[in-house]
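What follows is one structure encoded as structure tokens, with my remarks underneath.
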Amino acid sequence: MRVRAIALALAALAVSACASSPAPVSNRPSQAILRMPPVNYGPPGDARNPPQGPFQPNAYLRACPGMGVSNAPVMDAERWLTGFQPVIVVYGVILATAPVNDVCLSSGYGQRGGRLHAGIDLTSRPPGIVYSGAPGRVIEAQNSSGYGLNVVLDHGNGIYTRYAHLDYFAPGITPGVSIGFGQPVGQMGATGNAQAAHLHYEILTGNIDNPRGSFGLASHDPFTFPPYEGALQAGY
């Protein structure tokens, strides 16, 4: 039996795929992209970081049993991802690879149906609370035609994360607020182009100050980044 070193109990279910690279709908002024000076956060425990939340990443991740998972990483016979790293380093920024507990992978990153699926899909039953993958600042909290209710966090150094198809935003999640690692962002949902509740999670890089905002950033496969070796020691 696998022990949940940082906490894991898998909830397995099938979930249908989510949208790929959708365009945003018109936003209310309060949902607009926030233009502010760059953020400056440090590694776990750094005094510059906002207070850390209750989330601790799961040590393992499994592809959802009983369903075909597109672009799945290498798995063992029981569908556990053999090379899974719960905490990764993305160009100097430390991030949780899967920012929600007790989930399975329902879709990987890559081409799917002739289009780029720009993130990974994670699902659980009942739908879980979604947490910030690193300390950051909310720069978008909006509703788009494909991603539904989604939040984009700026982690500094040109690194961003998106949390899409949320059922609702956590209290206080509005553009401009700072958020610590592991603080609630919202709850997994099925808003936008989604037929079942799941989290679509993206790691993005680039310059947010472009005409398309976060939709003009480059996406990356979370499973291709190196591990953060201090994860267990730091309790991150």
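Cβ coordinates come from backbone N, Cα and C, glycine included.
Caution: TrEMBL annotation is automatic and unverified by curators.
Feature annotation from TrEMBL assigns signal peptide to 1-19.
Per TrEMBL, region 'Disordered' is recorded for 21-55.
Note: the domain 'M23ase beta-sheet core' (116-205) comprises 0 helix, 52 strand, 38 coil (DSSP; helix = H, G, I, strand = E, B). What TrEMBL lists as domain 'M23ase beta-sheet core' is 116-205.
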The average per-residue pLDDT within the domain 'M23ase beta-sheet core' (116-205) comes out at 95
